Every structure is written in C-alpha cells, then in structure tokens.
2 protein chains.
Amino acid sequence: MAKDKGEKGVALKVPKGTRDWQGTDVVLREKVFATITEVFKKHGGVTIDTPVFELKEILTGKYGEDSKLIYDLADQGGEICSLRYDLTVPFARWLAMNPQTQSIKRYHIAKVWRRDNPAILKGRMREFMQCDFDIAGVYDPLLPDAEILKIITEVFANLGFNGKYTVKLNHRKVLDGMFQVCGVPEDKIRAISSAVDKLDKSPWEEVRKEMIEEKGLEPTVADKIGEFVKNEDELKIGAPCAERSKKVLATLQSNADLMANPVAKAGIDELTTLLSYLDIWGCLDFIALDMSLARGLDYYTGVIYEVISEGSAPTKTNGKNVSRAKKVVDADEDRSSDPSVGIGSIAAGGRYDGLVGMFSKKGQIPCVGISFGVDRIFSIIKRRIEDAKTSTDIVRATETDVYIMALGGKGCLTERMQIAKQLWDAGLRAEFSWKVKPKLPQQFKAAENGGVPFAVILGEDELARGEVKIKEMGLPEGHAEKEGILVKREDLVEELKKRLKNTDTTLAGTLAALQV
Amino acid sequence: MAKDKGEKGVALKVPKGTRDWQGTDVVLREKVFATITEVFKKHGGVTIDTPVFELKEILTGKYGEDSKLIYDLADQGGEICSLRYDLTVPFARWLAMNPQTQSIKRYHIAKVWRRDNPAILKGRMREFMQCDFDIAGVYDPLLPDAEILKIITEVFANLGFNGKYTVKLNHRKVLDGMFQVCGVPEDKIRAISSAVDKLDKSPWEEVRKEMIEEKGLEPTVADKIGEFVKNEDELKIGAPCAERSKKVLATLQSNADLMANPVAKAGIDELTTLLSYLDIWGCLDFIALDMSLARGLDYYTGVIYEVISEGSAPTKTNGKNVSRAKKVVDADEDRSSDPSVGIGSIAAGGRYDGLVGMFSKKGQIPCVGISFGVDRIFSIIKRRIEDAKTSTDIVRATETDVYIMALGGKGCLTERMQIAKQLWDAGLRAEFSWKVKPKLPQQFKAAENGGVPFAVILGEDELARGEVKIKEMGLPEGHAEKEGILVKREDLVEELKKRLKNTDTTLAGTLAALQV
C-alpha cells in the first residue's frame, strides 16, 4: 500500500506548536492533574466533557482581537466548526443549553488550541492543557468567589508551592470607578485598563507614556491613575501579604472621592466582604490586593485574580527549554494571547456574570472561575524535582512492582507465566521477559530501567522444591537480603505484599520524598 | 460586544455527531477508564499523549477508502493538518520519530474523529473515545500477542463481563494460506477476505453470492472457502469455548492441503503456540478460534481478534437511544467505518508489523495491539446498572462526604465556614450553602440531590457548648441515630471518618454493590 511512502520520506514531525508527552513527563503531569482534581472534588466539583470543536458562531465575538487565533476546521460540507480556544466559552454554551441546571460547580481539564506564534522556548504552545473550575449560579455575594480563592490556595499548597506564589486580587468595579473618578472618558476605559495591566512588566513611566501618547489620555488624568496603581509597597512573591492587603483596602476605603463613586464603592464593599471570608479560612497571607491588576479579557464583571510564581525559570523538556525566568521578558511576550498564563502567571480568573446571557435569551447565569496554567505549573514542578533529585529517580515511567526472571539456560517460560498470573490475580503489577530463554543480565537491566523495586527469580532447583527467590532491587552490598530470600510459591504474594512498601506515588508523596 | 448575539439567536447546539458528557454518565465513564487503566498498569503499560491533529500527510494512505472521513483543519497558512482518525497511526508515527525506543508497552485513552454519517441511535458518533494498548518491539513469537489477549480478558473480567463476552481469534496467515489453497486469485484475496468478515451478520448463502456475483469468484472456489469458514458449531457469546477452539485448531492441523501450504502452516503453528500460552493463563474459555473472522483493515499481518458481547441492547443517554441490539442491524450498519467497534464488537485488534515502516526508512518495529470501544462498553455497563438499580442511585455525580448545615435563623455562616475548613484540612470532601441565612429544608434538599451521605448541623445552642450534630442521611424512621448525634467540635473529623464507610467507589465496588 503506502509502503513506498517511507522511501519518499514523509515529514516525521508533529505540527508546529504541538508536542508529544511521554516518559516521566506524562507521569508527572498526570500526578499534577490528580492533585488538582482531588481539590476540586473536595469542594463538590463535577466534571463536564464537551466536544473539542464547537460551531464556529459559538466562539464568534467572544475573544475580541484574539479571534484570529482560533483554529477552524476545513469546510468539508455541513456545519462550520472551530477548535475550542478555551474551556470557558464551551461551559457558558453548555449552561445556556441546559437551563434546568441553575447552579453547578464544574471542573474541566482538557486541551485548547490557539494559532498563536508558538514560542516553545517560552512555553507558549498551540496545543496546551487548561484546567478550569467554575461556579455558576445565583448565591449570596462573594461566597462562591471566596471559595474559588480558597481552592486556589489549596491547589498550590498541595502542589508544594507555599511560599513560592502569590494571588493578585482586584475588582473590575473598583477599577472602573477609579477610572471614572480620575476622569478617563468612558470609551477609553478598556484601553486604559489594559495599559494598567502591563504594570507587572513595565515601569510606571512607560505605562504613563502609553496612556498619553498611544491612548490619548490627558497627562493629569494619567497622573491621577498613577496615584492609585503605583504600589509603594513592592509585592514580594510568596511573602505573607495579609497586612499589605488590609492596608491597600484601608487606603481605598479612606479615599472620599472613590467612596463617593457608587461603582467604586460597590467594588470596595465587595472586596471588604471577600477579605473577611478569606480571613475565616486563614488564606489571606497568600492573597495580595493589587490595584495594578486589570486582566485582559472583556467579559469579567467583578473580582479578578491572577497567580504569580517565581518558579518559571528554564527547565528542559525533550532537550528544549520550555519555560523561562520571569526576568527574560521580551517585547514579543507582551503580545501573549493566553489570558490564563501570562508571564509568571500560572493561574487566572474572575467573575463573569454576562457571558452565559450572550447565548441565551432566557437569562443570565452569574459565574466565577479559575483557570490553572497546568503546563507552566508542570514545568516549575519538574524543575524543582530535577534540582532536588539524588541518584535515584523520584518519578518512574512505569508503576510495575515486580519483574519475574529466569535463572539458568532453560528459561522456565511456563513457570514465569504461571507466576505472572499468580501476581496479576492478586492485583500486583508484574512483568517478565518475552523471550523463551532470556539472559539474566538482560532481565536485570529491564527491571532496572523500569525502576522496578522487586525481582522474583526462578531457578530450576528452587522450583523443584516449590520455592522462588524474592530479591529487592538496589540493596547495598552487605545488606542481609542482598542475595534475596527464598519463599514457598504459595506464599509469594503475601511475602511480596509485605515487602512492597506502601510507596506514596502521589505528587504530595513525591514532594515529601524530596523534602521540598 | 456580542451581547446582542443572544437576541439574534446563536444556534445553541453541539456539532453534529458530538455530545457533551455530564452528570453520572461522565462519572461512570471515568470509572470505566480507571478500571481499564489499572489493568494496563498491571502489565507495565505507560501512556503517551500525542497532539489531536497530525500533519495531513502522516494520515494519508493509511485508511484506504475511509480517508474521506478524516477531518481536515482549514488552511489558515502554514502546515496542513488533520484531526487524528485513530490512535494507532499517531503511535506508529511516534515510534518512527523516536528510534531510540526499540520496545514499549503503551496505552492511550483519547478522542478520535471521523466525518462519518452519525447515527446517534446506533452509537456511531463523529467524536468518540478510543482506548488502546499496543506492544512494540522484537520479542520471541506470540508472547506479546498472548499478553494482549490476557489483558483483554482481565479488562472484561474487571468490567463485570464474564459470561457475557467472547474474543474471536484468527490469523491473517491462516486466512491467506486458506484462500491460496482454495484457489482464490492473489488480487482478489482482500476482497474475498472482507466478504468472509460479514459472516457474523449474514448467512453463508449471501456471502457466497457476494463472492461469486460481486467479486467474480468461481463457484467451486467459493464452496471450498465455505468448508473452512462455515462453523458447524454455532458460537454462543459468553459460553466457555476452550474445547471448541481446540477442535477448530485440530481440524486445521489435520487438513493436509492447508498444512502443505507454507503460509497457512506458519499461521497454524503460531496459533498452536498462542493457544498453549493462553492455556497456561487459564483464559482459553474466553477465546474462540473462528475462521470467519477476517477484520477490515489492511495493515494486519498476524493474529487478529475482535470481542463481541450480547450486551449492546438499547440504553438511554440524555433521553436518546445510543446503542441497540445486535439483531436490529440494517444495511447502513454494514458500511460502518469504525474498525474497532463494529456491530456487537466492543474491542478489536491484531498484529501489524508493517505500519511503522511506512514512516521510517530505518526499519520496521513489529507491533501488536488492542483498541477498546469504550463508548459502547460504557453503554452496556450503564444499561446493566439501570436494570439492576434499586431506589438508591449507585453512581453519584459528586463525591462529597459531608454537607454542613445551619439550623435556625442566624445562619451561622462564620461557623459553617470554619467547620468547612476543618474538614477540608483533614482531607474530607465538604460543601455548605452559599447563602448567609439558608433555610434548613433547602440545605437538606441540596445534600439529598448530591447523594451526600452525612450532614453536620450547627445550632446556636450546641455551638455555644462547643458541639455540633452529625446526622447520617437517609436513615430509616426509628433508627437509633435517626435524629443525629452530638459531638465536640474538636472530635468532629475523627467521628466523621469513623462513620464514613470505606465506600468502594471503583467500578468493581459499584458492580459488587449491584451484585451483578
């Protein structure tokens, strides 16, 4: 058939901006997902799986300029479809389609696609995973918002990030009211807001210049904004920030102009309630109220937040750097179209009360949510493990417990297969060589390559006596059981289970083993 | 922005042939995946995640006529890509790209897409999940093949299918040799092979007619084929078939014409070895050697197998039938383009030694694998649970352990939040109402809707004494603890953990609870 294709030389590569996930990378990534999923379930989360493509018109008009980055499917007859750009719009479409569901806590861990200029060195891919938790429904104010922030702190605690991340928090109403108080014309508010959002990367002077020269703002208005958004107190990532946030809030509350603006006052009151809830949950030290946070997306209507971490330093994946230090920012990065994983940002979200109403005449469903940039989080954790690791690999590619080996020239294939069945039936994870007469060194090598902790060795003499040998791999010279111990075949499962340490293969267990 | 879109009425639907997965469906499906994954890991499997789209030329020339069913991405500049059609070709591409990997046992559970005519009533979707396990590498003959078949029997045992499924087994070399012996011209072998493959749905007379009238075979040749492929002994799905298979093998071995054909003899010898291995593993009763199994795909070169089940009867999903009884086959179904899930077929696979070589000049890597039709398997299990279920729901949408409630008018919000933190910190899954002053009946309703097993009820008087009430939901009238029991706040976690039965939420546990 296409046998000759090989000779013709098909391009052997994955599409630009995509990658294969394999080996310990995929094992570690699944541990990250499992850790995050467990937190979601602790808070009553349920998952919804939507198709990877949607009708094109569902996505139309939701992403502003970034709509050009949407992947379309070819028109092969029938409906016109596009690959999803994020998990939020499909969720809003689902809510509008399922009006019987008036409230839900849903999580979704899945791929999204963006025809962005890929920058693999910077971890910007065209295919990447998002990990979203959203709460939809009408509740008393700020309670779901507070729980989302609590979830964020639990996720990062369980991922071993305590002391290494900070949640920046702001409120769209405070920003909008502040812009009104400063005298920003209504039609310039979104443009000025996105200029403010650059303060994490650019000094105030540059942002001020952009506001005046590019966005046409009066210098006096820009200077008024500056008074609000310039932080005297530099934000130190990972440092406890409860006091800092309370100070920022007190400053807002004591500003008579702001408090006289009904929009700003509503936002400040909401932040006050929110911080009081977060105080009950003891997570204020992770959450920094920050007037310079604005977030790019148009659809936010209330609280907004973004998680920043110091850990985004270079790490190797398949021989290539996929992440980089926050400081090596270049101009290109500013055009990052990924709302959830900007520079140094590893999660982001906010309240969006209007999105579902864009699909349904019947009514709005208010929503609040968070999107974790799991690929970037993965890179940070991977680097930490690489930095900390000793001679043994902490993350194994397989989870095999036992390798069954033959000693001697006859190969004992039938007996190896019988023992494999005995172990599988008992729920143990076991492998053996698919050679009729395998060589002992090759069998040991296979077990070592897989990091398999135990070998069961079959010798003809021992088998004749109904015995097999259990050998723990990697024991030091001189250890009492270095040469292995003989057990009866019928006792094998029990003896192995006794020895198979209850190894904690969760991410928490891995991080604990690293003592990081 | 697009606010007015709602008024204009965007079509609120998912693309044709796709669906959202939600509620208990997605929970049950994930349990099925977890069950299958655990078997894969028991046999040393590792996963590889490939991009959902590949360069179009990677897929070209691999699927014959079905290539027209491939979804292409629009040409928006740059590479021309297509959504993957199965998980096998991307795996072969990966092997060719990673020549350092000379052997691997890989599993992959992921979506594939086919622009087929969707038939939701028949469970034929354009987006569906596949669940593949493949072994690549050079080993002694039939050992990996035997392990794949062992894995199939373990998967179906763990999914509760014992007595309800049969693996049909054949060998391409036996078929090809048999066709040669019967006198089928070399250029007609594939066409005749696919006619034979219809014997599970059509009587021999129809298949014979097709061979003669459509494929132009001599009637005498067709009759010779008939002698081989007509089973005297009708295959009863789920019935022990070890003796039947041994009889079929003995018939082949005693056929002098076949044994004189080197191709057929090689296949028969391989089947003999394979059955001897399966005998050691005690799984021969699930595997029926069947000369009428031919399989559609061209790339198979050795053993082929297909799992059939009686369970594919109608079941409801979102109010629609998505599966149907094997007997309501219509002409349309014969054109099914899904090689892994034909009618009544719930898994299929075989040995394909030539596919990797289509991508790489450097060399072949022989492979053998299995693809589980998990959407169909899901439908069968779902129906079984629906048929068996009593008044209580066996599959819950959430996994919440505890619902924290306020008794009385003040709402005890702070205390509810404090208790929630206490439980979350202890790893328990807890929810509470996001109302400042929720009504008790509404709180009970929320807990009942979620199937939450325990309530913690906060009353002002009890709180003043440092106590809270634990109430197990759904206890019958007259039960000693029907009204709940009071515990000290500091003992709450311990008391809850004691009461939270170690409910087995795995699929095996669910099926055991159903006693099915």
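Residue numbering: from 1, along the chain as shown.
Glycine residues also receive a Cβ, built from the backbone N, Cα and C atoms like all the rest.
Curation plays no part in TrEMBL annotations; they are all automatic predictions.
Since the structure is predicted, the reported quantities are computational estimates derived from the model, not experimental observations.
Annotated in TrEMBL:
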| type | residues | note |
| --- | --- | --- |
| DOMAIN | B:1-381 | domain 'Aminoacyl-transfer RNA synthetases class-II family profile' |
| BINDING | B:ASP86, B:LEU87, B:THR88, B:ARG114, B:GLN130, B:ASP134, B:ARG295, B:TYR299, B:TYR300 | L-histidine binding site |
How many other Cβ atoms are found within 10 Å of the Cβ atom of B:ARG295 (L-histidine binding site), counting all protein chains shown?
24
Across every protein chain in view, the count of C-beta atoms other than its own within 10 A of the C-beta of B:ASP86 (L-histidine binding site) is 21
Provide the three-state secondary structure of B:GLN130 (L-histidine binding site) computed with DSSP.
strand
Can you check what DSSP calls B:ASP86 (L-histidine binding site), collapsed to helix, strand or coil?
coil
